[in-house]
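K.L.:
Look at TrEMBL and you will find A:LYS80, A:SER155 tagged as active site, charge relay system. Annotation comment: TrEMBL describes A:SER179 as active site, acyl-ester intermediate. The domain 'Amidase' feature in TrEMBL is assigned to A:25-474.
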Amino acid sequence: MSDLTRLTAHQQAELLATGEVSSVELTRAHLDRIAAVDGAVHAFLHVDEHGAIEAARAADDRLSKGEPASPLDGVPIAVKDVIVTRGLPSTAGSRILEGWVPPYDATVTERLRAGGLPILGKTNMDEFAMGSSTEHSAYGPTHNPWDLDRIPGGSGGGSAAAVAAFEAPLAIGTDTGGSIRQPGAVTGTVGVKPTYGAVSRYGLIALANSLDQAGPVTRTVLDAALLHELIGGHDPRDSTSLTDPVPALVEAVRAGAAGDLSGLRVGVVKELGGEGFQPGVEARFAESVELLRDAGAEVVEVSCPHFEHALAAYYLILPSEASSNLARFDAMRYGLRVTPEGDPSAEDVMRATRDAGFGDEVKRRIILGTYALSSGYYDAYYGQAQKIRTLVQRDFDAAFAEVDVLVSPTSPTTAFPLGDKLSDPISMYRQDIATIPANLAGVPGISVPSGVADEDGLPVGLQVLAPQRADDRLYRVGAAVEALLEERWGGPMLAQAPELEVAR
Amino acid sequence: MPQITRDEVRHLADLARIDLDDAELDRLAPQLEGILDAIASISAVAAEDVPATSHPVPLSNVYREDVVAASLAPEEALSGAPQVEQQRFEVPRILGDEQ
């Protein structure tokens, strides 16, 4: 059998269905690939060989009886370490949760297990999902499979790199300000942030509750749709979970893949381009827009004037929510406890533990949030940021009255060298300039590969945004762009990535 | 131009229950000032009459039926605790020196 790990999740599921390959073989192939390349990539914080093989055996049992638990039964998956997994360590990339083994499953995890997907392991991330490069992980950065000296994006760099390096066909990510989409863009993979509330947040270690959303990280748009349909849908344990049925996403992919976008109205967001956007990113974006036009879409420019304030509003709202969320790490019930000398009080223990357990970026954001919520500053900062959130939503409403979807580059630059932005938080934050508005407004977004930049040969992503609850539009447009570009390239985007050296 | 002094950072860290040593204060205080500079631009953007949004999807109260469901066993709930005593979380003394 040729290399199974190069197949898409959908192709892998087909081989499982016909019995040509067993889930144990498939899962073993991915575990072997992890052993061969993850020393260099460092996409995983924890690999669960035993659990994955056990789950694969159970899948083979169901498949042999012709009773698959889901269309992806037996296809292995990697899970971002911010999603809790019963019996498997879940650190969220933080020292404060080092070695913590959750006693329960997140709803996403539960649905993956119920669907029969063997969980290969937990993927690396910026601590508590705070970052755009995975360099803020307490356990060391993940390396971009396209160039190991560069960042894989963040916070979900581990999930994106795992998929890009063929260590897993599928992964789960979470997106608070772009943490699924930006890593997708800089690793040449597909990432979807569903409508807020479309995927349960129960068991997702919260960064900012009003912004967080879990979603698929894959190599193809069809694989993303298959995974989204599996994990989406109402969950009574998350009171913000949408009660609507999951839209027909796989069907939307099939419709889009024919490459005909006649009748679709596309808006190019004027404010998401120009200054700060790398020339190679803008060139690939312009080509994608041409491609949409050639496919029959009507393309117009739209203005979203308040997007220029979205970044600032986000960096007040997020730290404010995070500073209250992370108060739960108090060294009393779970996680790290550092006990200072002498006869310390509980508060002394808390202070020492939080100093030792949190990294710099987490401390910066907790302090910033504490500041923004202080009396005297609340109205000027947090209050204003919430008003800007309203204005950003109104910009989206106005735009979607004119067009069906909006497009922009996903990230203003390609993958930058590791260490480049570590001492300059603001330039790191600017990575999220194009992805943040969607989180503020709760609308869904996808990033699909749109080629490599001329100046550095590194991947560029196209972002497509749709109105709340219209996630199916992302899949239709994403599938069309993917099909048309692959036809032009003569194969998938990742075929252009250099081969990783294999450890023996 | 917003100001955030080293002393203020120390005070905020105290409110957030994080011990910061001098080296950390030296590093974090100027960074926080820089971040604040970059985001302070918004303080005059929205007019008085713009309503605040705290949540992206409008929701009214969400209720469920009051029925018994499975929950964690005590051993599971305590499984991650730094210290356990008689099926309870054991914590350091809760009164500080000043109380």
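Each position is counted from 1, following the chain as shown.
Including glycine, each Cβ sits where the backbone N, Cα and C put it.
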K.L.:
At a 10 Å cut-off from the C-beta of A:LYS80 (active site, charge relay system), count the other C-beta atoms across all protein chains.
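P.N.:
Around A:LYS80 (active site, charge relay system), other Cβ atoms within 10 Å: 32.
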K.L.:
Taking every protein chain shown into account, which of the active-site residues A:SER155, A:SER179 has the largest tally of Cβ atoms within 10 Å of its Cβ?
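P.N.:
The residue with the densest Cβ neighbourhood is A:SER179.
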K.L.:
Does DSSP put A:LYS80 (active site, charge relay system) in a helix, in a strand, or in coil?
P.N.:
strand
K.L.:
Give, as a single whole number between 0 and 100, the mean pLDDT over the domain 'Amidase' (A:25-474).
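P.N.:
Summing pLDDT over the domain 'Amidase' (A:25-474) and dividing by its length gives 97.
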K.L.:
Can you give me the Cα-Cα distance between A:LYS80 (active site, charge relay system) and A:SER155 (active site, charge relay system) in Å, rounded to a whole number?
P.N.:
10
K.L.:
Where A:SER155 (active site, charge relay system) and A:SER179 (active site, acyl-ester intermediate) are concerned, what is their Cα separation in Å, rounded?
P.N.:
5
